[in-house]
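**Q** Sharing a structure, written as structure tokens. Questions coming.
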Amino acid sequence: MADRRTYNVVILGLGFLFIFTAFTTCGNVEQTVVKSLGNSTFTGSGYHSLGIIYGVFSFSNLLAPTVVKVIGAKVCMFLSGLLYSGYIAVFIIPSTWSFYLTSVLIGIGAALLWTAQGEFLVENSEASTINRNTGMFWALLQCSMLFGNLYIYLDWNGKTDISESSRRNIFLFLLVASVLGALSFLVLRKSHNEEEMLSEEEGQSLLSARTMYKSRANSALQDAKSEFKTILQLLKTKTILLLSPCMAYSGLELAFYSGVYGTCIGATTHFGEAAKGLIGISGIVVGAGEIVGGGLFGLLCKNSRFRRTSVVFLGMVVHFIASYLIFLNIPADAPIVLETTTQQTPYLNPSVSIALLCSFLLGLGDSCFNTQLYSILGHIYAEESTPAFAIFKFIQSVSAAVAFFYSGYLMLMWQLLLMVILGFTGTLCFFVVERMQDFFVDSQEY
């Protein structure tokens, strides 16, 4: 049983590695690619596309548990992987209508993918292994930051313009990776709970396969209705309300490191011909920070309550340092410049070393917050994992959608200030929740 669960967690991580090698690389360069298109009929915006994705994703999360209950986590993840592949394919031959249509579809697919992932991870974990499995999955997932971005660096380094052939080759590579990720979900093994359900159905030999499936679907729909009611109930609880600022902050910084910061580096005039290639290096360094954080905080630390509070505090400090350095090092107009390069001068002479250090700190801090949010939700809501993870992704993605829509209009300094304020508030609220859990455990002992 333990070997099967470990196998499933590893395959789950590998599937996400392939899919998000495509999607995170796409998000990192999307606005830069869109600005470089010479097609006068294409009027899309990378920021708006990502905003649509996370906006649709947020509301789809409320219905995703229903679909996951009906057709199963494995099938949901496979179908979602195909939707991700469709979005990547649009960049091979761009058109505005397909660009925004697939943005909506991938938002729906992302809700199914992440809700199914949360349920599948909890099903294949125990209280003693949830932290290890979370860290293992997160580290594998963040390896996706490496390969696609390495391709970007090798292909774009020294180039000031992105040619049509270069764009097509990159997105064909990403499309293949995304399809491989979707196919990998087909080799996941059934969990113990699924095998018990199947054995009960096989025992009903007098019923046809169609009747058994219909009965199972009706039962799942009833469970899903109950899950939706649970979502509404959990949204009113003190614990979820207190964790909401931390979840919202994870959405702001997700938008910043995955779509905004790379665009800022690529638009910085002071980096010259190296600017476009640095987008890829920045993505790799962000991934390195994520991997270090996921491995260190997910696998090496054993004391759950102590680890969560300490790691979240570290994440806050790391992000505050990164925000201050970015404020000094990157031009204020970098995220909103209409042309390919900036016009303003930052406080410091822009340094590649400082820019990449900030990339690493962004990744490390993101890993701190996300691994601990997964951990605390899996710990507190072990019996209600699907609605709890759906709420997390709903709040996170609403915040990310808002961030992507304002990223094309707000100067860099105001974006950083918003993250600092919400990050501080979220960390304080996280500490209160941990204190509440400590008090609850202590009261049970007496």
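Each Cβ is built from the backbone N, Cα and C atoms, and glycine gets one as well.
TrEMBL: automatically predicted annotations, no manual curation.
Small disclaimer: the values here were computed from a predicted structure and weren't measured.
As annotated in TrEMBL:
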- 7-25: transmembrane segment (TRANSMEM)
- 45-63: transmembrane segment (TRANSMEM)
- 75-93: transmembrane segment (TRANSMEM)
- 99-116: transmembrane segment (TRANSMEM)
- 137-154: transmembrane segment (TRANSMEM)
- 170-188: transmembrane segment (TRANSMEM)
- 239-257: transmembrane segment (TRANSMEM)
- 277-299: transmembrane segment (TRANSMEM)
- 311-332: transmembrane segment (TRANSMEM)
- 352-376: transmembrane segment (TRANSMEM)
- 388-406: transmembrane segment (TRANSMEM)
- 412-433: transmembrane segment (TRANSMEM)
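Distances, neighbours, how buried they are, the whole picture for these features please.
**A** Among residues of the same chain six or more beyond the transmembrane segment (7-25), those with a C-beta under 8 A of the stretch's C-beta atoms are 77, 81, 84-85, 87-88, 113, 117, 120-121, 124-125, 133, 136-137, 139-141, 143-149, 151-152, 174-175, 177-178, 180-182, 184-185, 187-189, 191, 258, 283.
Within its own chain, the transmembrane segment (99-116) has Cβ neighbours under 8 Å at 19, 42, 44, 48-50, 52-58, 60-61, 63-65, 67-68, 73-74, 76-77, 79-84, 86-87, 90, 386, 389-390, 393, 397, counting only residues six or more beyond its boundaries.
Sequence-remote contacts of a segment are chain residues at least 6 beyond its ends whose Cβ falls under 8 Å from one of its Cβ atoms, and for the transmembrane segment (170-188) they are 8, 11-12, 14-23, 25-26, 29, 74, 77-78, 80-82, 84-85, 88-89, 91-92, 120, 147-148, 151-152, 155.
Here the transmembrane segment (239-257) has Cβ contacts under 8 Å with residues 50, 54, 286, 312, 319, 359, 362-363, 365-366, 369-370, 373, 376-377, 380, 388, 391-392, 395-404, 407, 415, 418-419, 422-423, 425-427, 429-430, 432-433, 436 of the same chain, all six or more residues outside its ends.
A Cβ distance under 8 Å defines the sequence-distant neighbours of the transmembrane segment (277-299), meaning residues of its chain 6+ beyond its ends; these are 24-25, 28-29, 32, 131-132, 134-136, 138-139, 141-146, 148-154, 156-159, 257, 261-263, 265-266, 271, 307, 311, 352, 355-356, 359-368, 371-372.
Within its own chain, the transmembrane segment (311-332) is flanked in space by residues 246, 253, 261, 264-265, 267-270, 297, 301, 342-348, 350-351, 354-355, 357-358, 361-362, 364-369, 371-372, 411-413, 416, 419-420, 423-424, 427, 430-431, which lie at least six positions past its ends and keep a Cβ under 8 Å from the stretch.
Sequence-distant neighbours of the transmembrane segment (352-376) (same chain, 6+ residues past either end, Cβ-Cβ under 8 Å): 118, 130-131, 134-135, 138, 142, 145, 243, 246-247, 249-250, 253-254, 256-257, 261, 265, 268, 271, 274, 278, 281-283, 285-294, 297-298, 304, 307-308, 311-312, 314-316, 318-319, 321-322, 325-326, 328-330, 392, 426, 430, 433-434, 437.
When Cβ-Cβ distances below 8 Å are used as the criterion, the transmembrane segment (388-406) is approached by residues 47-48, 50-55, 57-59, 61-62, 64-65, 110-111, 114-115, 118-119, 231, 234-235, 240, 243-244, 247-252, 254-256, 259-260, 373, 377, 380-381, 415 of the same chain, each at least six residues removed from its ends.
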